[in-house]
Amino acid sequence: MGNVVYKLTSKEIQSLMAQTTFETTKLPQGMKARTRYQNTVINIYSSGKVMFQGKNADQLASQLLPDKQSTTGKHTSSNTTSIQYNRFHCIGSDEAGSGDYFGPLTVCAAYVSQSHIKILKELGVDDSKKLNDTKIVDLAEQLITFIPHSLLTLDNVKYNERQSIGWSQVKMKAVLHNEAIKNVLQKIEQDQLDYIVIDQFAKREVYQHYALSALPFPDKTKFETKGESKSLAIAVASIISRYAFVKHMDHISKKLHMEIPKGASNKVDLIAAKVIQKYDIQQLDTISKKHFKNRDKAIHLMNQKYNK
């Protein structure tokens, strides 16, 4: 049995716990949560350390925590790069919505040539995580007019269907990234491509295992953590995917006549409970990711209200 240990921030722990159901009561002192997932025991401690225990502990940890390096020394970092991507013609890909209870999963691949670099810098293209929604929308609506791209949206109904038949979120993202990249390749002169750069959410071997189809140009394909800061192609893909997510969330808010929040916080639990109260659980499931623990928390809030 292998053991892998990570040190996580509170936000990273929240993101991990959103990916499957954890026990949070009747635990040993010092333990915050635990679960058994894919034949691996995951223990989260109050200190911020997370231990994966099991035959496939290392592989599962890489899937759930692709950007982290274990404190056990089993992982060697392959995320450093000396490639100056903005000097080359690149396809970049990124996604939005993966850590949000409400809303779809959106993935974009975008082709940025050297001729695009100057105008992108003048427009102020940057990592979408640093931009507010208004700036995201303004930038994206300009970018989609001249950047070859492919934008794919997995709505909540289809997301939940795939999750119910055993697809992990990592698999969904791998399939969507690969399809978006292949779509962009049909829109460009392929001899004018130097690199395909994927904002890393899983190690290469995990991505290849789940993608359902081969990498189009494996020798040209790179995986980069925090890729939006290393490649304008990823930054563009990040902005367009975030734009699609923001617009979809706006649509949900208008449809339900209430502000639907992003993320997976306690505020999200309260709004989810309000959706159940105003509509029903079926309506909630059409606009959310059912496997997030926010669903159970919302149901618990409703039960508390009516059992007083």
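We number each residue from 1, going along the chain as drawn.
Quick reminder: no glycine exception, Cβ is built from N, Cα and C everywhere.
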Identity of the divalent metal cation-site residue among Asp155, Asp191, Asp194, Asp199 (reference: Asp94, Glu95, source: Swiss-Prot): Asp199
Tertiary neighbours of Glu95 (divalent metal cation binding site) (same chain, Cβ under 8 Å, six or more apart): Leu105, Thr106, Val107, Cys108, Lys173, Leu176, His177, Asp199, Phe201, Ser241
Under 8 Å by Cβ from Asp94 (divalent metal cation binding site), counting only residues of that chain that are 6 or more apart: Val107, Cys108, Asp199, Gly227, Glu228, Ile234, Ala237, Ser238, Ser241
Coarse DSSP state, helix versus strand versus coil, of Asp199 (divalent metal cation binding site): strand
Additional residues surrounding divalent metal cation, by Cβ distance to the Asp94, Glu95, Asp199 centre under 8 Å: Ser93, Ala96, Val107, Cys108, His177, Ile198, Phe201, Gly227, Glu228, Ile234, Ala237, Ser238, Ser241
